[in-house]
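The N-linked glycosylation site annotation in Swiss-Prot covers Asn7. Taken from Swiss-Prot, the feature region 'Disordered' applies to 1-59. Annotation source Swiss-Prot lists transmembrane segment at 68-88, 101-121, 133-153, 162-182, 194-214, 221-241, 295-315, 329-349, 377-397, 401-421, 432-454, 471-491, citing sequence analysis.
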Amino acid sequence: MSKLSDNHSSASEGEKEAGDLESGPTAISSEPSFDDADRDPNLITWDGPKDPENPKNWPKGLRWKNTWTVSLFVFISPVSSSMIAPAMSDLAKSLGMHAEIEIYLSLSIFILAYSIGPIFFGPASELYGRVRLLQISNVWYLAWNLGCGFATTKGQLFAFRFLAGIGGSAPLAIGGGAISDMWTAEERGKAMGVYTLGPLLGPVVGPIAGGFIAEYSTWRWVFWSTSAAALAVQVVGFFWLQECHPGTLLRKRRDRLAKETGNENLHTAEKVETLGYKLLHAFERPVKMFTTQPIVFCMAIYMAYLFGISYLMFATFPEIWTVVYHESPGIGGLNYLSIAIGSFIGLFFNLKLVDRIYRSLKARNNGVGKPEYRMPSLAVGSVISTIGLFWYGWSIGNTHWIMPNIGALIFAMGTISCLQGMQTYIVDSYQTYAASAMAACAVLRSLCGFGFPLFAPYMYNSLGYGWGTSLLAFITMVVGWGAPFAFWHFGPRLRAMSKYASG
């Protein structure tokens, strides 16, 4: 067993950097050092820093294939979240919805379920792995989403939408951890950009298709078509998706070696914990981090705010184009392309610049990287988002239809830059506890995505599109313009004071 000890003793820089191993509420308790392994010949870790089974050492092509596959799972659920927007009026007539809040609830209740999923799916992926959870949750989502198409009462629709949303929340809860499993800090920006694109583009692509489905078919086909797409993603995942959670891979290695050697004393560095114990801490740690960590608190608030505005925009788009600009549902749905194009432009520049800026600033700092080197993306994105909101709000109904689209495009450009900057900043700041920090963000983000569309019609009825959207823009200025500079200066001190932060 001495060879086993030598080969599996190294915590390795890869694993050390995989402080991102935590994808749920309970992390590996401590990273084993070389001395730990020397004292414990039964400890199973990676075979040094270059272990090919460590996901961070996989060939780049394999890592990108896994990243894109995870992103497909992340993409399909947000498509379903907003695809019914162009069909809400037909759906309301069919199921007897009369109050505005009921109509918008049919869209946003799906997002409410997103606040529950991360609490369960994060810790469950610690025990059962990323792949199994992604596939099982997708089947759950598919079944209930299919049921929405057969709903005969508004109560059934609300219940089925909520249950479908719970399954659809799993990729959003697990995806960020899966990305950090495979990529180092210097590489992570591009991968996180691809991952971020799913939640941002999904709600945009959905209404484009939903508009034509609503115009030429019935609202029921909105649900049936997304279920067919989810089935296609399931098939792709079956063939392409590979387990990348280091803790799960090391447990499999331990089981294989125990079978080969007959040594049942072999073990990994993880604590053996039940799902119930993990669930308890899954709820506890995100709450603690949200209430005690200024970085998590501020990033969660701003991320949730931008997410809420995005869903407010998705929900109110159909009325703007069909009522104000007198377009058909199908043509009106095409206006969502402005958000998609803006997202692509924002992602393109971030992919080109975010990791380059990080490496440049790291080189100037004697090769030492800091999470604060993600702040330029947030600063620039916040300014762009604010400009987009003002442009969008004051051009509705007062100018040619292209002008609100340009405003929405500018807002989307800035938003994806902000989201990517905030997500990578949190992952870099709380590597070991990144998933708990992201879970706190996800819960608040989902609550805003649920709530903002519900007050949107009342806000616009009272203030109009110009002043209503300007109110949102002024809040973006206050929060988004100041936060990047505050964390650039005070972030290192806040992290030094934190028991959760790294670096």
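Quick reminder: no glycine exception, Cβ is built from N, Cα and C everywhere.
Between the transmembrane segment (194-214) and the transmembrane segment (295-315) there are at least 3 Cβ pairs closer than 8 Å, counting only pairs 6 or more residues apart in sequence, which means the two stretches are in contact. Within its own chain, the transmembrane segment (221-241) has Cβ neighbours under 8 Å at 65-66, 69-70, 72-73, 75-76, 79-80, 83-84, 87, 131, 134-135, 138-139, 141-142, 145-146, 148-149, 206, 209-210, 213-214, counting only residues six or more beyond its boundaries. Against the transmembrane segment (377-397), stretch 471-491 shows more Cβ pairs under 8 Å than any other of 133-153, 295-315, 432-454, 471-491.
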